Amino acid sequence: MQNYKYDKAIVAESKNGGSPALNNNPRKGGSKRVLLICLDLFCLFMAGLPFIIIETSTIKPYHRGFYCNDESIKYPQKTGETINDAVLTAVGIVIAILAIITGEFYRIYYLKEKSRSTIQNPYVAALYKQVGCFLFGCAISQSFTDIAKVSIGRLRPHFLNVCNPDFSQINCSVGYIQNYRCRGEDSKVQEARKSFFSGHASFSMYTMLYLVLYLQARFTWRGARLLRPLLQFTLIMMAFYTGLSRVSDHKHHPSDVLAGFAQGALVACCIVFFVSDLFKTKTTLSLPPSAIRKDMLSPVDIDRSNHHNMV
């Protein structure tokens, strides 16, 4: 009877990661849960802080000069965009979160997988982890992008059209022109200095590649072997088209788009493999030998155990 009570205590402790304090003191467990959630939100805020500061402040990009014969910045400014910022953000985030909601629902309620999170509801815990990791990567990707834009200050392909400098006051024979004044609208001129690297390319590649890897980890149905590769191909092509549209819209140079693709892919891989648990090996919780009830063992095993104890 004493061994049986000890077994029940071990099983109860294992429900909360082997911590009897959390089982006996729900208030302490709740305060710890709130503290961990606040810490996660703080980390998410800090990851996106550079992006927030740059987008909401008057920080101006690096004032880069130009060559009068540079044909790469003489393109006309197009009205409108093939894919504007609102569409990019809405589609990228909505598709990703809907996919995560569906995938975690299938994993928790259909495959009956459990979560070791301090959050009691396993579905809520799974959503919290996966959506949180995804948004954390979004914040990192956008912060990287904006830091590069203001630090490098590369001129967009339509820069001269937006800047509209007074060439009568510029001596093009000196080569590289640094002292010049733009007659165009200042806000548009500052935006025309943020070519490297493409934010559309980096954000679209991050969100779509994250989804590709998420499908690889969660989409385990073997009924149609080509369905998952088709979905993954479609997602990558959506990101690819988004980046290419920035070149045809005269918003970015091809190298800006390639750099954006590389940055988005790098952040997605780092988040998936080093932050999330999508590809981590699942471990099963095993009880210590002392928690095994002796009445469930055969007489041979009991004699063998007694022999080892005597030795």
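The backbone N, Cα and C atoms fix where each Cβ goes, and this holds for glycine too.
The record in Swiss-Prot shows differing topological domain names for ASN84 and LYS280, meaning opposite sides of the membrane. Under a cutoff of 8 A between CB atoms, and with a sequence separation of 6+ in the same chain, the neighbours of HIS252 (active site, nucleophile) are ARG156, PRO157, SER195, PHE197, SER198, HIS200, ALA201, ARG246, GLY260.
Between the transmembrane segment (227-244) and the stretches 86-106, 124-144, 195-215, Cβ pairs under 8 Å are most numerous for 195-215. Remote same-chain partners of the region 'Phosphatase sequence motif II' (197-200), defined as residues 6 or more beyond its termini with a Cβ less than 8 Å from a stretch Cβ, comprise 83, 88, 142, 145-146, 148-149, 242-243, 245-246, 251-252, 256-257, 259-260, 263. With DSSP states grouped into helix (H, G, I), strand (E, B) and coil, the region 'Phosphatase sequence motif I' (149-157) comes out at 4 helix, 0 strand, 5 coil. Across the candidate stretches 34-54, 124-144, 195-215, 259-279, the maximum count of CB pairs under 8 A to the transmembrane segment (86-106) is reached by 195-215. Through the fold, the transmembrane segment (195-215) approaches residues 83, 88-89, 92-93, 95-96, 99-100, 103, 130, 134, 137-138, 141-142, 144-146, 148-149, 152, 154-157, 159, 228, 231-232, 235-236, 238-239, 242-243, 245-246, 251-253, 255-261, 263-265, 267-269, 271-272, 278-279 of its own chain, all at least 6 residues removed from its boundaries and within a Cβ separation under 8 Å.
Counting residues 6+ beyond its ends, the topological domain 'Cytoplasmic' (216-226) has Cβ neighbours under 8 Å at 103-104, 106-107, 111, 232, 272, 278-279 in the same chain.
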